[in-house]
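Trainee: This structure is in structure tokens; I'll ask about it shortly.
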Amino acid sequence: MQRRQQQKEAPSNQNIMATILGSIPREAGVTKIEYEGPRIALYTNTPRYLLEHNEIISNLVNVIKKRIIVRIDESVRKKEEDARKMLSKLVPAEAKLQGTFFDTTTGEVSLEAKRPWLLQRNSAEFSHADVSEKIGWTLRIRKATTSQSSTMQVINRTLRASSIERGKQLKQIGDDIFRPKLATRSEISLTALGGFGQVGRSCMLLSTLDSKVLVDCGVNPGAAHPSESYPRLDWAGITLDDLDAVVIGHAHLDHTGFLPVLAKYGYRGPIYCTEPTLPMMNLIQLDAIKVATAQGRVPVYAERDVRQIMRQAITLPYGTVTDISPDIKLVLANAGHILGSALCHFHIGSGDHNFVYSGDIKFGKSILFEAASWNFPRVETLLIESTYGAKEDIQPTRQEVESAFINAVNGALADGGKVLIPIPAVGRAQEIMMVIDHYMKSGEMAEAPVFTEGMISEASAIHEAHPEYLARELKQKILETDDNPFDSEYFTNVEHADGRDEALRDGSPCIILATSGMLEGGPVLEYFKSIAPHKQNKILFVSYQVNGTLGRRVLDGARQVPLMNRGGKIEVVNIECRMEKLDGFSGHSDYNQLTGFVQKLRPKLRRVLVNHGERRKSENLALAVRRMFRIPAHYPQIQESIKLF
């Protein structure tokens, strides 16, 4: 008997509505049932009943195998201004409510509070059912950040302005997802369009007889020619209208940098990602426009294309099964790489095949994130990255690298020097901030002012707004106590060039975190000019320095470098300070962690594919998997198509 026949079948899409109507009691006050993208929305004019009898929805989900959400009917919603006034009285003062956002498309109101734990407990003092019944809006409790994220504010404004358009779009997406299957058999293939045999422009097409899903859509910023810079969508043999969905694993440009171009040329379908990935990728994509313009290049997309992505994005939490096409379900799981990074688990057909795309993963816990998830019920095919896939790619343990970091910083501060840390704004900067805060509080690192500049503050605000995606201990600190490391007394954000004077004042030891991580532009260069000529100072590199970058030249021993001053003239900077490079803070798994991840999945796997690495490293990891685990392993090349089932 085939696997699909063995599984308990859910009702057909035509019978779903009838099943729901037959299962909901009259007391629930359901006024209408609509598709809302990949979900089915039940609208009610008596929200308390379903909120207090949530087993009704749970039982329905088990029967129909679809996501169901409860929405409050528009007829009982209070006007926003009235609801806001009521909330100001209903929310306990000690929760420190900072702001509200009303999403008219979904009927949800987000409450941003300094002490969200006082609102999440659903206590007698603050009952969600009571409040929702009074104001006619469903509640979402959010952590209010120390400084507001301008990126998230722009997203909220964009969502409000496009509310009617989004509502229509979500209904159309639902119609497309829940359309009848046409194929009576399964054929599944994966086509490599970028990021195979290389790092950069990650992109692939997952195809069945019923569906076409694009997974990641990145760029290769270092490539000299467009044919090497962008995904080879011309090889996919499809139009943008053929796509059922785009799925994004994480926010970095090598995975999302070409996504605005899809919007520019007419893609209007759903874009699935985790909630923090949306603001993170918008931040990075908009910054890429600024960088291209500053370098005299014409950006391949405009700000309006990034805003269009905001309208099309459907954000998903970890661990939630979501229909994204008639025959593909998606589950996102923690990848441990950067904020919101996700492994993508595709359940295809009626149990025919399960495909997991690792994206960029860190299979090791850090102070910022939990280790990548691995406990999938079924995985027949795994596609795994190989950034550090060579046998010699072994990183020190976190304990070792944090100890080395403490010693490097303490030594420079003890000599009366300044420590400049060139750093990427997303991920690495927040991890170093958490390490500094932790060890200064414990007394293992000398206390000194810590200055940050660049996009670090904005990226940190996005981290702070999504504590549920952080390591367990850090999440608990932010959500359940007043001890918020992102609001540490040690940190000062430099918002304007005039603010650098305090950090650069003579005889004042300090730590400076500034972008960019490779000394290729950004405010770090202004600090570099002042810090490099003095022997007591130190430049501490904690991220990879690519060949040809200023960071690599400095690390390799350059003693003089020409830089442009504010007047537009070239000045020579003498380098007398000390240099140090620390490995181990990487957001990628090393060789041992990659093979360890495969080991965890070994009993379920039938095939391993390898991507996202230099060809030599991808080949080495594939050979290691075959040798160590006796599992077929292959490292595809761009334009190759692999039959999965």
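Even glycines carry a Cβ here, placed using N, Cα and C.
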Trainee: Of His225, His337, His345, His347, which one shares the Zn(2+) 1 site with His250, His252, Asp360 in Swiss-Prot?
Mentor: His337
Trainee: Do you know which of His612, His634 Swiss-Prot groups with Asp254, His255, Asp360 in the Zn(2+) 2 site?
Mentor: His612
Trainee: Which residue, of the binding-site residues His250, His252, His255, His337, His612, has its CB surrounded by the fewest other CB atoms within 10 A?
Mentor: His252
Trainee: May I ask which of the stretches 10-77, 78-146, 187-391 has the most CB pairs under 8 A with the region 'Metallo-beta-lactamase C-terminus' (587-645)?
Mentor: 187-391
Trainee: I'm trying to understand the geometry here, so how far is the Cα atom of Asp360 (Zn(2+) 1 binding site) from the Cα atom of Asp254 (Zn(2+) 2 binding site), in Å to the nearest whole number?
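Mentor: Spelling it out, the Cα of Asp360 (Zn(2+) 1 binding site) and the Cα of Asp254 (Zn(2+) 2 binding site) are 11 Å apart.
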Trainee: Which ones in the same chain are close to Asp254 (Zn(2+) 2 binding site), with CB under 8 Å and 6+ residues apart in sequence?
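Mentor: Within the chain, Asp254 (Zn(2+) 2 binding site) has Cβ neighbours under 8 Å at Gly195, Val199, Gly200, Arg201, Ser202, Gly218, Val219, Asn220, Pro221.
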Trainee: Counting across all protein chains shown, how many other Cβ atoms sit within 10 Å of the Cβ of Asp360 (Zn(2+) 1 binding site)?
Mentor: 25
